[in-house]
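Enquirer: Pulled these features from TrEMBL for this protein:
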type: TRANSMEM; residues: 33-52; note: transmembrane segment
type: TRANSMEM; residues: 64-87; note: transmembrane segment
type: TRANSMEM; residues: 108-135; note: transmembrane segment
type: TRANSMEM; residues: 141-161; note: transmembrane segment
type: TRANSMEM; residues: 170-187; note: transmembrane segment
type: TRANSMEM; residues: 199-221; note: transmembrane segment
type: TRANSMEM; residues: 233-260; note: transmembrane segment
type: TRANSMEM; residues: 266-285; note: transmembrane segment
type: TRANSMEM; residues: 313-332; note: transmembrane segment
type: TRANSMEM; residues: 338-359; note: transmembrane segment
type: TRANSMEM; residues: 379-401; note: transmembrane segment
type: TRANSMEM; residues: 421-439; note: transmembrane segment
Amino acid sequence: MTIIRPRRRTDEAPLVLTTEPPRSLSFADQTAFWANLGVSLIGFTGAVYVLQPAGHPQLPILGALLATILGTVLGTGMVVAAGAVGARTGAPAMANFRGLFGTKLSYLPTLANIVQCIGWGVFELTVIAGGVLALTHGRVAHAPVIIAAGVLCTAMSIWPLRVLHILRRYVTVAVAISMLYFTVQLLRNPLPPVHGTSWSGFFPGVDTALAVAVSFVPLAADYTRHARSARAASGAAMLGYSVAQTWCYLLGVVALIQVGCDPNRIFDTFLGVGAGWVFFAILVLRESDQSFANVYSTAMSLQNLLPRVDRRILAGAVGALATVLALGVHDFTGFSNFLLLIGSVFVPLCAVLVVDYFFGRGRRGWNLDDNAPARPFMLLPWLLGFAVYQLLNPGSISWWAQLWMHAQNALDVHPGWWSSASLFSFVVAGLATGVLVLAERRFARA
Ligand SMILES: Nc1nc2[nH]cnc2c(=O)[nH]1
């Protein structure tokens with residue numbers, strides 16, 4: 001890869017694929033960035049899936065609290081581990097897979113990430129439009145908001161490092177004040193009693209909180225590669241993301257309980273408190289950093305396929321595509337299930353990546369060149385982990401879920417309260433990679 005060594009704090013991310021990025025993000029910059037990603041309008045409504053895990057009765061409030069904390073901390077741990085690899089190699093997230101699978105095979109996770117990031121980018125643009133709709137009581141049309149948000153997040157993705165500095169300086173404080181305001185206002189009303197709760201959906205609840213954090217696994221290294229040290233990158237992601245997502249989900253749980261667990265009315269609680277619209281507007285505006293992260297990471301993923309194309313051209317094209325797609329989307333229900341399905345690809349992949357980097361071939365330095373040789377056997381633990389995930393949680397796309405239910409019956413595996421798909425998938429993929437790493441070492445010695 002091309003080697004360039006810019007160092008100043010004002011330096012921007014390299015324009016072409018390189019493993020020598022400017023290391024200009026401080027601990028505070030990164031903590032603020034991850035905290036911003038942890039707070040999302042989707043998080044407030046998504047809390048309903050932790051509170052009422054699919055196929056289970058509602059969790060008690062303590063159960064929802066613990067499931068949120070456990071899922072978030074475990075999911076963030078995976079983000080941290082993937083980010084630590086990027087902080088050490090200096091390569092963007094998808095280019096790291098060249099070391100694990102070889103360059104050509106690294107296109108597999110790259111394509112999955114391009115699909116997931118464009119999907120999330122479109123989703124986030126529609127979430128912003130939904131927020132503006134709630135804020136203006138439907139007085140502003142959908143299309144102009146989508147176009148404005150699309151232009152904003154595309155512009156942000158042209159100057160990613162400058163944007164991260166700005167987020168730290170101005171946006172994170174405003175978001176923290178807004179969250180504090182809503183927390184105080186919502187907790188002033190006593191929570192109505194909730195009946196018929198059960199702990200049976202505890203681990204599915206954990207899985208939900210974990211899945212949202214894990215969806216940032218394939219993006220992490222695009223940002224941590226600019227950290228001054230792997231330790232700072234890891235601490236910042238852990239602190240910023242886990243605190244923010246936990247806070248966001250718990251605020252969502254409180255708001256949901258106050259509107260009888262109807263996610264469609266959740267924004268009413270925020271807008272119903274005195275001056276709520278001011279703080280809600282801040283949260284809507286900051287949702288653009290989520291879209292920005294998706295557009296920028298899609299461009300970086302594309303650069304793994306097109307290493308010599310200027311990332312600004314790629315980001316411009318991706319931003320335009322996401323905006324056009326978002327103009328046509330009004331209902332996201334089916335697509336969000338698809339996003340969760342893609343997200344599940346990255347849980348076992350993270351385990352394989354981390355085990356091979358810290359215990360296997362990565363210890364001697366991965367080959368991240370344009371012609372890194374294929375390591376197809378490394379696909380096996382990934383596939384195994386993916387199968388374990390689907391077996392325990394096949395999701396809500398009916399034909400896909402039915403396929404896996406046949407497999408459950410054939411193997412006599414029946415998911416219960418104990419079956420966290422993410423944890424089992426991560427552990428199985430990690431252990432299987434460990435076996436391959438040991439076999440590779442033996443083979444090298446022989
Ligand atoms: N990758 C990704 N994951 C998410 N999880 C929640 N929102 C997002 C998002 O915008 N992108």
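Placed from the backbone N, Cα and C atoms, the Cβ positions cover glycine too.
Tell me what's around each of these sites.
Expert: The list of residues near the transmembrane segment (33-52) in space but at least 6 beyond its ends in sequence, with Cβ under 8 angstroms from a Cβ of it, reads 25, 58-59, 64, 67-68, 71, 123-124, 127, 130-131, 164, 167-168, 171-172, 175-176, 179, 201, 205, 208-209, 212, 216, 223, 236-237, 239-253, 255-257, 261, 263, 266-267, 270, 283-284, 286-287, 289-290, 293.
Within its own chain, the transmembrane segment (64-87) has Cβ neighbours under 8 Å at 47, 50-51, 93, 96, 202-203, 205-214, 216-218, 220-225, 227, 229-230, 233-234, 237-238, 241-242, 245-246, 249-250, 253, 347, 350-351, 353-354, 357, 362, 422-423, 426, counting only residues six or more beyond its boundaries.
Here the transmembrane segment (108-135) has Cβ contacts under 8 Å with residues 40-42, 93-94, 97, 101, 142, 145-146, 149-150, 153, 215, 218-219, 267-268, 271, 277, 280-281, 283-284, 287-288, 290-291, 294-295, 297-298, 301-302, 304-305, 318, 321-323, 325-326, 329-330, 332, 335-336, 338-339, 342-343, 345-346, 349, 379 of the same chain, all six or more residues outside its ends.
Sequence-remote contacts of a segment are chain residues at least 6 beyond its ends whose Cβ falls under 8 Å from one of its Cβ atoms, and for the transmembrane segment (141-161) they are 11-13, 22, 24-25, 121, 124-126, 128-129, 132-133, 223, 226, 288-289, 291-292, 294-296, 299, 312, 315-316, 318-320, 322-323, 326-327, 330.
Long-range contacts of the transmembrane segment (338-359) within the same chain: residues 78, 81-82, 84-85, 88, 96-97, 99-100, 109, 112-113, 115-116, 119-120, 123, 211, 214-215, 217-218, 366, 378, 381-382, 384-386, 388-390, 393, 395-397, 400, 421-422, 425-430, 433-434, 437, each at least 6 residues beyond the stretch ends and with a Cβ under 8 Å from a Cβ of the stretch.
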Enquirer: Ranking 266-285, 379-401, 421-439 by the number of C-beta pairs under 8 Å to the transmembrane segment (199-221), which range is first?
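Expert: That would be 421-439.
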Enquirer: If we call contact 3 or more Cβ pairs under 8 Å (sequence gap 6 or more), are the transmembrane segment (379-401) and the transmembrane segment (266-285) touching?
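Expert: No, the transmembrane segment (379-401) and the transmembrane segment (266-285) are not in contact.
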